[in-house]
Amino acid sequence: MGPPPLSSQSRVLRLGLEMASARDLVPMVNYSHVNTPLSLSSLRFQPWPYVGPSSARPESLRLWAHLPPLCPHPGYRLNDGFWHMVELVARDGSAVITIDDNDGAEFRVAHPFQLRTGTQYFFGGCPKPAAITGCLSNQTTFHGCLQSISVDAQPVELDLLRQERLGQYSNVFFNMCSIADRCTPNLCEHGGHCLQSWDDFICVCNLTGYKGETCHKSLYKESCDAYRLSGKTSGNFTIDPDGSGPLKPFTVYCDIREDRAWTIVRHNRYYATRVRGSSLDRPFLGAVEYWNASWAEVEALANGSEYCEQHLEFSCYNSRLLNTPYGPPFSFWMGRHNQRHYYWGGLPAGRPGRGLLSLSDPGSFTPGSGSRRTDKGMLNFVDHLPVTQVVVGDTNRSQSEAQFLLGPLRCYGDRNTWNTVSFNKGASLVFPTFLANHSLDISFYFRTTALSGVFLENGGCRNYIRIELNTTRDVVFAYDIGNGDENLTVRSPVPFSDDEWHQVKAEINVKLARLRVDKLPWVVRLAPPQSYVRLEFDRPLYVGSAEHRLRPFLGCLRALRMNGRTLNLEGKANETEGVRVNCTGYCQYPRVPCQNSGLCVERYSHYTCNCSLSAFDGPFCNRDIGAYFEPGTCVRYNILPAELSAAREFASIRSQPLPGYNLTSEELSFSFRTGTAPAVLLYVSSFRRDYVAVLIREDGSLQLHYELGTGPYVFPLTTTPVTDGRPHRINITRINRTLYTQVDYFPVTEKQLSLLVDRKLDSPKNLYLGRVMETGMIDPEIQKYNTPGFSGCLSGVKFNSILPLKAIFRPNGRPVHYSIKGELVESNCGSMPLSIMDIPPEMDPWYMGTEFPHVHDDGWIGIITGFVTFLLLLLAGLLLLLYLHHHRYKGSYHTNEPKAVQDYHGPSKPLVPQKDQNLPQILEEAKGE
């Protein structure tokens, strides 16, 4: 038989503890309460935090008894890893649970409820086997930390419990709690709520306006223009001008039109504000409070807009506002960065003086004699907007007052998206060290023809980030944020060096790093568990190359944004260092333009000419490709083989244009030189009866024959002979029924075909040069000029995109079908004399270098070189003097004369002529004879 029930005053159980839980462990404490007068054992109470599926309400605290379970659910998110205070007060018929000093739940039951306590309390769960201990709970054990446990206002000595003097325990560690606080510091941005588990945390971004692993990315677009591009119509929208930056999104009205979208921000000064009693010492400060936005947020909108405006209107009576005799004006308005502006609508920015309100001349104000004056104006200097305050003075006289009203801020366009520079040399733009906390996002557009290059780099003592074009198909995001060198690579099936715009997005935070280019899939790398991002850099940010101008990027960059802030690339551009504003390379103003339909190919450090669509070649498509035709020589170029034409007819796709051929227009050009007539210069046949022919008649004049479904049309091109042995140039263009012709340098002639003429040249077949060797019926008029054939030179032949002579003499590997009858020799004898082009020596491939290159010797190298040259010349002079000094008595020669004998040892004696006794007596013997 159990003990008698307690009195109503003593049938109360008070239990208190502090708990912290994050994940599953298996601790258990069995505490024997020996000092309590409550000795009955019919009821057990357990605080029960639980980590599990959200559907099972793991964040609540449950109360269980032998009676049907009483399950209140006080508290929320008790498994967040933080300490929580739990207090249970139970008496007959009710139980109250208080968590963190907040009343959580109180409930009563209809059936009789008696409270009995025993000598044992189980904290954390029931030991095994439960039948021996009498613990009847089947709930999952508690996992976490407990401290400050008290029963009936008596604290439990944990040291005695650890010594098993008050109870037993298993799988319990004392004097420690291994739950790490992963939400301090809070890595969730923009007000995101941090929740943690045993080894990780998550960010709850609800109602913040941001998303992502750390609530870093904005949910909204930057401006109304972005909503217009996405297909929205006019209405209220939420915008975030600085993206992932610190400024909050706000709501504006978007007036979306076909060509632009106006962003309209209203404020509290839209209606007239009357000012009285203000003076220069105590002016009226009319602060402009914008709806749903702070000044900084509206400034971000204006700063990123292409155009902004605000209407300002003043009226005053007996008040001086501008043109004060001495000192600053009495009234002004304040704009961005709290700067004062004394100009008003209709004036250039920053120019004070007689402007919107010249209400009184200097020194001529007479109190009481003024009249009300009103003026209006539009403020549209973007860098000074928005208006943040209107300051009014000099309304403290009798019957003196002023009144102003300010219109809403209206902006359109996006100047951040087209903030563009081009890198034409190995240069870089240097920005201050980028300051990032725990998250970083980067986005920009690039356009290039280079094989590789570094877009940007920011380094530090140990950490760095770098985004580069590693190969023509690979964009790499390399970084070291404390875990060693890592990189992400986006590989494209087509080259990025196609001179088209490509968008790059990169993001890194404590959870992951990812990279994306255009619409390719994201490349993601998850961060290691329990990692920490260290985005600390102590070196400048380099854009356009790595540090020390290594691996420079050649091309264009635009719209570079880092953490929502747009970097002003154009403001740092310096053309002398090889960085130009806008995406302009050398093709905009080439030193030598590409000739003869050549296309300029931008290389950003230089340019080349693409001559694939030109009948010429060479560096600037100015070198003729021609041939010499002997009598009877013929070239046939197959425009469309018979089998392909039959298949085309069978497939009923006659309306589709052919390769190198347009159904309703043709372009024909070539040059020639000859001295014989008649001849067929060029002939285009078809599978129908249509054809085009250029002939030389017997009298040497040129004729053009056109047949488009009806009888042939004959157009004389010249009236004088062209068989003069000089080069001549022909250009023929037909657009529908309009024909344009030009010979040599004469003016262009325009002619109209009849309305009965078909606009299409049906099914072209072959192109002939020099002579027509067509099977089937040929127009007799053409056949008359076909013998003996053309003799002379043809050059630069082009029919639409078909280049027959270039295909023969400059094959590019593509299969072409042509045949040659007779002897055809490459020659430029038919080329026209070209105008002299001023080609710089460094761009001329045939420049022989007849001039000596100039060596700049205006530095230390020149001084050292001059000094060494002087020493060498001085040494050569000394050697020459020594040589002359050493050999001054060494001269000698041979002779048959005897040498004179002289006594060098005697005293100084006069010289005595020597006798001639030693000489042969030739003269005397001659006389004797």
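Cβ atoms are placed via backbone N, Cα and C, with glycine included.
According to TrEMBL, the feature domain 'Laminin G' maps to 1-177, 418-583, 642-829. What TrEMBL records for 179-216, 584-622 is domain 'EGF-like'. Taken from TrEMBL, the feature domain 'Fibrinogen C-terminal' covers 215-267. TrEMBL lists Cys556-Cys583 with the feature disulfide bond. According to TrEMBL, the transmembrane segment annotation covers 860-884. Feature annotation from TrEMBL assigns region 'Disordered' to 898-929.
Once Cβ contacts within 10 Å are tallied over all protein chains shown, the disulfide-bonded residues Cys556, Cys583 are led by Cys556. Among residues of the same chain six or more beyond the transmembrane segment (860-884), none has a C-beta under 8 A of the stretch's C-beta atoms. Mean pLDDT for the domain 'EGF-like' (584-622) in the predicted structure: 88. In the domain 'EGF-like' (179-216), the DSSP tally of helix, strand and coil residues is 0 helix, 10 strand, 28 coil.
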